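Participant: Sharing a structure with you now.
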Amino acid sequence: MGKFVEKLENAIRGYTFDDVLLIPQPTEVEPKDVDVSTQITPNVKLNIPILSAAMDTVTEWEMAVAMAREGGLGVIHRNMSIEEQVEQVKRVKRAERFIVEDVITIAPDETIDYALFLMEKHGIDGLPVVEEDRVVGIITKKDIAAREGRTVKELMTREVITVPESVDVEEALKIMMENRIDRLPVVNEDGKLVGLITMSDLVARKKYKNAVRNEKGELLVAAAVSPFDLRRAIELDRAGVDVIVVDTAHAHNLKAIKAMKEMRQKVSADFIVGNIANPKAVDDLTFADAVKVGIGPGSICTTRIVAGVGVPQITAIAMVADRAQEYGLYVIADGGIKYSGDIVKAIAAGADAVMLGNLLAGTKEAPGKEVIINGRKYKQYRGMGSLGAMMKGGAERYYQGGYMKTRKFVPEGVEGVVPYRGTVSEVLYQLVGGLKAGMGYVGARNIKELKEKGEFVIITSAGLRESHPHDIIITNEAPNYPLER
């Protein structure tokens, strides 16, 4: 028998989400009692096992803030300049700090126009007025409404209450409430400005109790880089990013691996590498903290059709997870998630968390443009391998950067729209609720037990049809089962 026939006879069978279900198990576990927190790197523990994709129609700073507040993690895409991406990371970090250390300030002799420019640029409503490192006033948007052309010192509030570096959250909140102020400068022993506490940050800390934060009280954030963009990784690391996500269509590329090893040594942030779909890749990526699994499962990806390469996602997750376990690496399943039940299946197959694109692209916080089609609201969504994304700068992800002219790009993705789905909070509520329900059915109290107790059954096409609503005309659309996909 020829070797080519042997290839076919020895080929493994690959399964994806629609090919499997989990078998119900005896349980005492109630969905409301399960713990959905998960570790995705040695230093990053999430309160929900969900990351937003590093795509230019999915994750910029607003999505990253929303994800972190709900207990997940946003990965800011790299289809922008280094300076822009660094600023995006900083905006996430500034969103909820207890004490903001890199305070944006202004001198008393500056114009009101410049004060407005700074506020709009950095997304803030007020500025400490500083002279020789000492606070001499506070200027806010309320102070300068319709008063262009004047100087800061003419309109600033001069009587400024300050606090020492030793102040705690409750004390700061009490001072601000008693004095009816929303900004509290922090000064050192010499009276020099070293930080700023804002009422909005304190309120957010109490409102978003499930948020993931570092020891400074800052929201966690990740950012994507090319394996060959060392400067970008270093600048993001300096900006305080918590996780560097090396973002390439095929991470098991030997040139990329050499570059990633060098990058790993020069950044202190935790390090995730993707994407892969072959357990052999794990052997060469042991320098990473986690690997990201998925070659072509995304709704906007055409890699499997254009290149003929990929592994159905459930099988890819399982194969990679088995190998990753040997090295103590974490696994993130990236792509192909259509319903909350798919998240349950991905984790049961070995993933520690999932990355979502399509399901989050239609949210208010996603950067895609809103469009109206036949009276219904949609948001633009495109693959990073689509022609539009490649023209903007994403070609390198598919090893088509530099030498290829725009008209010669070979896209591995498409562009389109998805239905508007409301806020990130609303979408995640349904997804996490479905995950908790699935854990209850299999008797899993936490993510670890879901991996251990989840048993699969392979289903037929008839089984899949039976799994969905059938023999009915649906008149009221459920929030977790959209009629239009």
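Keep in mind that glycine also has a Cβ here, set from the backbone N, Cα and C atoms.
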Participant: Considering the IMP binding residues S299, D334, G335, G336, G357, N358, Y381, R382, G383, M384, G385 given in Swiss-Prot, which of E262, E412, E426 is annotated for that site as well?
Facilitator: E412
Participant: On a C-alpha basis, identify the one among D247, G294, G335, G357, G385 that is nearest to S467 (K(+) binding site); the candidates are the binding-site residues.
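Facilitator: Out of the listed candidates, the nearest Cα belongs to G335.
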Participant: According to DSSP, which kind of secondary structure is C301 (active site, thioimidate intermediate) found in, if we only use helix, strand and coil?
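Facilitator: C301 (active site, thioimidate intermediate) sits in a strand per DSSP.
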Participant: Cβ neighbours within 10 Å, counted over all protein chains: which one of the binding-site residues D247, E466 has the most?
Facilitator: D247
Participant: Here are some binding-site residues: S299, S467. Which one has the most Cβ atoms within 10 Å of its Cβ?
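Facilitator: Comparing the binding-site residues S299, S467, the most crowded Cβ belongs to S299.
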Participant: Would you kindly give the Cα-Cα distance separating G383 (IMP binding site) and E466 (K(+) binding site), rounded to the nearest Å?
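Facilitator: Just about 31 Å between their Cα atoms.
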Participant: C-alpha of G357 (IMP binding site) to C-alpha of G298 (K(+) binding site): distance in Å?
Facilitator: 8
